[in-house]
Every structure is written in structure tokens, then in C-alpha cells.
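Written out below as C-alpha cells is the structure these notes cover.
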Amino acid sequence: MDEQFYIEHYMWMNYGQGICLVSRPRLNDYDKNMLFGGYSLTTSNCKVGSSLTLLFLSFISLSSREAESFKEQGNAYYIKKDYSEAFNYYTKAIDMCPKNASYYGNRAATLMMLSRHREALEDSQQAVRLDDTFMKGHLREGKCHLSLGNAMAASRCFHRVLELEPDNSQAQQEVKNADSVLEYEKMAELGFEKHDFRMVVFCMDRALESASACHRFKVLKAECLAMLGRYPEAQSVASDILRMDATNGDALYVRGLCLYYEDCIDKAVQFFVQALRMAPDHEKARLACRNAKALKAKKEDGNKAFKDGNYDAAYELYSEALTIDPNNIKTNAKLFCNRGTVGSKLKKIDQAIEDCTKAVKLDETYIKAYLRRAQCYMDKEEYDEAVRDYEKVYQTEKTKEHKHLLKNAQLELKKSKRKDYYKVLGVDKNATEDEIKKAYRKRALMGNKTLNLVQKEEEKKFKEVGEAFTVLSDPKKKSRYDSGHDLEDDTGNVGDFDANNIFKAFFGGGGGQGYSFEANQSSGPGNFFFQFG
């Protein structure tokens with residue numbers, strides 16, 4: 001020990017119960033007021049070799065042995081992995097001998113095991129200040145820097161170890177680790193600029209293997225997870241940081257970002273405001289807060305216009321809201337669906353389908369968008385597509401309502417595969433019996449008031465007209481047809497009818513009067529012609 005150091009930094013104190021050694025910097029006002037007959041060891045009254053100095057040095061020797069005892073006990077607890085107790089005993093050793101570099105080095109190692117890397121960094125730096133040749137001190141300082149994400153500072157410390165011991169294998173490996181962290185950091189920066197967020201997450205995961213206590217890397221990873229829509233993971237990373245540092249503005253920003261992207265805008269704004277309170281210059285938090293407020297206001301204005309029946313204004317407001325933040329997937333999915341609903345009200349069915357398709361591309365779980373698109377397909381009589389959407393909905397949410405919608409779409413699909421007798425006759429589905437008869441009369445006469453031979457195409461059309469009339473003129477058959485039942489299962493082949501009889505029923509005949517509709521035997525089976533009687 002440096003005898004002169006103790007002379008300059010310690011003093012004897014007499015509290016009436018004997019003398020004791022006290023560190024000068026530890027004296028408080030109370031101690032000074034209680035000092036009776038104190039003997040201050042200074043160069044003026046305590047010369048090296050004096051009796052008082054010899055007594056003092058004996059005490060120093062005793063203090064050193066006691067400090068070593070504390071260190072040994074700390075080592076024992078460290079081996080047992082009881083790092084809290086090890087920390088306590090190393091602290092006692094330092095209090096007894098504050099100029100011993102190894103004690104700081106040991107406490108630094110303990111603090112690293114307790115994940116208190118910043119405190120460990122301070123102790124390791126103090127150790128190398130006391131002894132610049134202390135290799136373990138440099139090595140631990142480098143590890144602390146690396147754990148905290150400062151790879152360049154870490155590399156300098158490891159190279160210092162190699163200066164002291166060129167063959168130190170641990171330092172050689174740590175230099176490689178530091179270089180890897182620097183490389184991953186550069187790759188992540190480039191990936192972020194290109195919006196390759198998966199690459200950033202990959203790089204940060206690799207970097208965090210060496211820089212496990214780096215909040216900067218963790219925040220960057222969390223932000224990119226949020227950009228990828230992996231909100232629970234991002235929230236978890238940000239929450240872990242805030243448990244250790246509740247004032248971390250970056251972590252508060254990421255928490256707000258996750259809520260913002262999950263369309264919890266009010267809560268998100270609260271976190272953005274808190275982040276700005278902790279870090280007033282946080283530009284990302286400021287921009288996100290502004291976008292969140294603007295998006296909420298524009299969406300609410302669109303909703304109000306829609307409720308008021310002002311569909312054109314609602315359509316424009318939703319369109320403006322969609323330009324605010326393309327990265328907000330969930331909110332934009334809702335905006336596309338809302339605009340699709342407005343489009344269907346404005347009879348812009350194709351535009352409505354397109355908007356709903358954009359919504360489900362952004363959020364594949366968005367049931368409302370599937371339902372809206374399915375209804376648009378039903379309106380366009382594109383039943384195959386409607387059935388696919390309703391099946392997707394029913395697989396996700398097996399409710400009675402969704403089951404009913406699916407069955408109805410399936411029925412309409414089945415009906416669409418049959419001949420549409422209403423279209424054959426050119427009437428509406430709600431046509432009256434008289435309208436059906438008039439339509440049949442018109443179709444039957446169309447193009448057939450000549451003596452010319454009826455071609456196959458005309459024959460086919462006339463048969464379809466007869467079938468249509470046979471079904472739609474019979475209330476029971478019409479009801480079953482409208483309900484989607486297969487009429488051939490109950491009544492035989494609907495196409496087997498006497499065309500001549502139906503024709504005569506409308507236009508007269510028999511006894512050589514009116515028209516006749518007969519088979520032409522010479523022309524082969526299935527050929528018919530009209531002639532006047």
C-alpha cells in the first residue's frame with residue numbers, strides 16, 4: 001500500500017471510546033462536530049517512521065487483510081452464483097481498500113452477472129484507471145461496452161488486451177464479436193432505409209447475441225416488428241425495456257406505434273405524448289402523433305357524412321384519410337371497407353368490390369370486408385365469388401347469420417346454373433301471369449310468321465320458350481322453380497311438351513284453321529315448321 005496515500009486521505013478520530021480510522025471523504029458535518037482530540041495524519045505532524053505512523057501502518061495492514069477476507073467471501077458467493085451477496089462483500093473490500101483494482105474488477109464481473117452493465121462498466125473503467133496493465137479490467141470494460149451496443153469502444157478495449165498479451169484467445173474472439181456487431185449494425189441501417197424490415201429484425205437478433213443489453217438495438221427490432229404487423233412481439237420487447245427504464249422515449253414510442261397500428265388511436269396518442277415528454281426532440285413520435293390525430297379526425301368526419309346520407313362527401317373523406325399513412329394497415333383496411341360500403345350505396349359496385357379486395361389484402365382476418373364484397377358479388381349475380389367469400393366467413397365465425405348467408409348464396413348459385421326461364425321470356429322475376437302469357441305470345445311469334453323451314457337454332461329457342469311458359473304459367477312449378485328445386489325430379493322432363501298444343505292454345509287452330517306446328521319427316525327427327533291453315 002502507498003503509505004503517503006493513507007497519510008493524506010485518512011485521519012484518526014476519538015469519539016471518547018477509543019480511536020478509529022476514518023476516510024476523509026466520508027466525514028460528514030456530524031462527524032466533524034463530534035470530533036474530540038482528533039489527530040489528523042498529515043505530512044506535517046506524521047512523518048514516515050514515527051511511532052504514530054507505525055501504529056497507523058499496522059492498522060493499514062490489518063485493514064488490507066480484512067479487505068482480502070471480504071474479497072475471498074465475495075469469491076465464494078460468486079462461485080455459488082449468489083451474485084447479490086458477492087456484490088455486497090466486494091463492496092466492503094472496496095470500502096476498506098479503495099485503491100485496489102482487482103476489487104473493482106471482481107465487482108464489475110458480479111454486476112455483469114446481475115445484468116447491471118452500466119454500473120459494471122463504471123467499475124471496470126475505475127479498475128483500469130487504477131492499473132492500466134490490469135488485463136481483466138480491460139477485458140471486462142470491453143464486454144460491458146459490447147453488451148451495451150458500443151462495438152467500437154469494445155474493440156479498442158480488446159485490442160489493448162492484445163497489446164498486453166498478444167496471444168490472449170478470449171480477446172481475439174471478442175474482437176471478432178465486436179466486428180460482427182458493427183457489420184450487422186451497418187446491414188440493419190441499410191435494410192431500414194430500404195424498408196426491408198425482416199432483414200433489420202434478423203440483423204438485430206444476431207447483434208443482440210453479443211449486445212444483449214443494448215436498448216437501441218432492441219428498440220430498432222421492436223419498431224421493425226411493428227412495421228411487419230407483429231405487434232405482440234414488438235409490445236413485448238418495448239415493455240421489457242420500460243421495466244428497466246420507464247423513461248425510455250424510444251420504447252414509449254414503439255408502444256404507441258403498436259397501438260396506433262392496431263387502430264387504438266386514443267391510447268397510442270397518450271404514449272406518443274409521453275415519449276415527447278421524455279424526449280422533446282423525438283421526431284418519429286411527433287410525426288406519429290400528428291398522423292394519429294389527423295387519421296382519427298378524417299375517419300370520424302367520413303363516418304358522420306355517411307350517417308347523414310352524404311355519400312359523395314363520405315367517399316372523398318375516406319379517400320383523403322387513406323393518404324395520411326400507408327403503413328397503418330388495420331386502419332386503412334377499415335377505411336377501404338368503409339369506402340367500399342359507400343361505393344355500393346352510390347351503385348359503384350365494381351369500385352366497391354375493388355376496395356373490399358384491398359381491405360382483405362391488408363387484413364386477411366377482416367370479416368366485415370368479406371361480407372361487404374360477398375354482397376356486392378350477389379348484386380352482380382356473380383354467385384361463385386359470393387359463395388367463396390361466405391365460405392371464408394363461415395369457416396372463421398360459425399354463426400347462424402353467416403350460415404344463412406352462405407346457404408342463400410349457394411342456392412342462388414344452383415339456380416344460376418339452370419336455364420333462366422325469366423330471361424328466356426324476357427320478363428322480370430316478379431312478372432304477373434298476364435305478363436308471362438303476353439311475353440310467350442310475343443316470343444312464339446317472333447320470326448316465325450313465314451312458310452320457311454325453321455332452322456335448328458330457331459327450333460331450340462322455341463322449345464326453350466315453351467319450357468319457360470310451361471313452368472312459369474303453373475303456380476306450383478313456378479314456386480318450386482323460384483325456390484331452387486330441380487323440377488325434373490318431380491315432374492319428369494320439362495322439355496317434353498306438345499309444342500303444337502301450346503301454340504294452338506294461343507293462336508287457334510284445328511280443323512284446318514290458324515297455324516300448325518308439325519314435324520317434318522323428310523327433314524329428319526327434331527325439325528319443325530310452321531304453316532298457315
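Glycine too: its Cβ is placed from the backbone N, Cα and C atoms.
As recorded in TrEMBL, the features of this protein are as follows:
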{"type": "REPEAT", "residues": "67-100", "note": "repeat 'TPR'"}
{"type": "REPEAT", "residues": "135-168", "note": "repeat 'TPR'"}
{"type": "REPEAT", "residues": "249-282", "note": "repeat 'TPR'"}
{"type": "REPEAT", "residues": "295-328", "note": "repeat 'TPR'"}
{"type": "REPEAT", "residues": "333-366", "note": "repeat 'TPR'"}
{"type": "REPEAT", "residues": "367-400", "note": "repeat 'TPR'"}
{"type": "DOMAIN", "residues": "420-485", "note": "domain 'J'"}
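For the repeat 'TPR' (367-400), residue counts in helix, strand and coil come to 28 helix, 0 strand, 6 coil, using DSSP. Per-class residue totals from DSSP over the repeat 'TPR' (333-366), listed helix then strand then coil: 27 helix, 0 strand, 7 coil.
Sequence-distant contacts of the repeat 'TPR' (295-328) (same chain, at least 6 residues past either end, Cβ-Cβ under 8 Å): 227, 260-261, 263, 265-266, 334-336, 338-339, 341-343, 345-346.
Within the chain, the repeat 'TPR' (367-400) has long-range Cβ neighbours (under 8 A, six or more residues past its boundaries) at 333, 336-337, 340-341, 344, 349, 352-353, 356-357, 359-360, 406, 409-410, 412-413, 416. Listed as Cβ neighbours of the repeat 'TPR' (249-282) (distance under 8 Å, sequence separation of 6 or more from its ends, same chain) are residues 215-216, 219, 222-223, 226, 229, 231, 234-235, 237-239, 241-242, 288-289, 291-293, 295-296, 327-331, 334.
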